[in-house]
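Pulled from Swiss-Prot:
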BINDING   12, 96, 197  [4Fe-4S] cluster binding site
BINDING   41, 74, 124, 225, 226, 227, 269  dimethylallyl diphosphate binding site
BINDING   41, 74, 124, 167, 225, 226, 227, 269  (2E)-4-hydroxy-3-methylbut-2-enyl diphosphate binding site
BINDING   41, 74, 124, 225, 226, 227, 269  isopentenyl diphosphate binding site
ACT_SITE  126  active site, proton donor
């Protein structure tokens, strides 16, 4: 019985940057570090930071004036930022640079009064933050989730129209939505390359490859992790038995019955230690062969943190 690891898997550059910002802030400041929303969507990571004294809040109003706040990797709306400034908070922005790029484009559309369409999942913090970059009352930003939303969409002025996407969507589904938009609105413009990030793309491509050489796939990632959920959905679409788990304790032995090759991947916010624990658990259950890593993309992207947060080792 074999264990095959997807490549790439686990932390992306945006998550690594966000974690480094908080870890360094804990070393530099002698005050409580507050984080608006979960820094990244992984319960293990959040609990680890909580044990170090980090306080997570959903409402910026719950943070005392003159405190230190970290904006999560998902980004925040302009309103949240204004509230933080009004409370005289020291802002440490851990927003993923790829999300910031989308924010800047949406803000530009807003400034120019161009109606804008955002493809994304309703209620996701990244989507809330991105929609919150559009504040021109003369224009409008529309959120769509699927092709049915495209069919029902009504635009006042479609001579100039822009679209953008959440960074953690299914590539396949998003491409079909974009095609539907371009078919309905001939003058629509979008980014040269869709906003889905490199890490999301690489992990989705990897799970497709993994599905061809395994008969079960375990996706490690929290339930509220968008990119992990997309990986799980994609694994199921390939026809391979796929389960999304938070940790090794979620694994049921019945899943492994008559399985010879078990594939493991992890969402962009899931740490390596969770993968290691799953491997250790599987070995106890009979998967004795050393795990093999499949061939895949080598990720070399690094996002720098603010200079004032650099810590000398």
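Including glycine, each Cβ sits where the backbone N, Cα and C put it.
Where Swiss-Prot records a feature, it is marked here on the structure.
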residue	record	contacts (Cβ under 8 Å, 6+ apart)
12	[4Fe-4S] cluster binding site	197, 198, 199, 268, 269, 299, 301
41	dimethylallyl diphosphate binding site	221, 222, 224, 225, 226, 228, 269
96	[4Fe-4S] cluster binding site	14, 15, 17, 18, 73, 74, 75, 167, 197, 303
124	dimethylallyl diphosphate binding site	74, 166, 226
126	active site, proton donor	74, 75, 99, 120, 166, 167, 168, 226
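In the shown protein chains, 28 other C-beta atoms lie within 10 A of the C-beta of residue 167 ((2E)-4-hydroxy-3-methylbut-2-enyl diphosphate binding site). Here residue 227 (dimethylallyl diphosphate binding site) comes close to 168, 199, 200, 203, 221, 267, 268, 269: these same-chain residues lie at least six apart in sequence, with C-beta atoms under 8 angstroms from its C-beta. Taking the centre of the Cβ atoms of 41, 74, 124, 167, 225, 226, 227, 269 as the (2E)-4-hydroxy-3-methylbut-2-enyl diphosphate site, the nearby residues of that chain (Cβ within 8 Å, site residues left out) are 40, 126, 168, 224, 228, 267, 268. A count of other CB atoms within 10 A of each Cβ picks out 269 as the most crowded of the binding-site residues 225, 226, 269. Sitting within 8 Å of the Cβ centre of 12, 96, 197, and not among those site residues for [4Fe-4S] cluster, are the Cβ atoms of 13, 14, 15, 73, 97, 98, 99, 167, 168, 198, 199, 200, 268.
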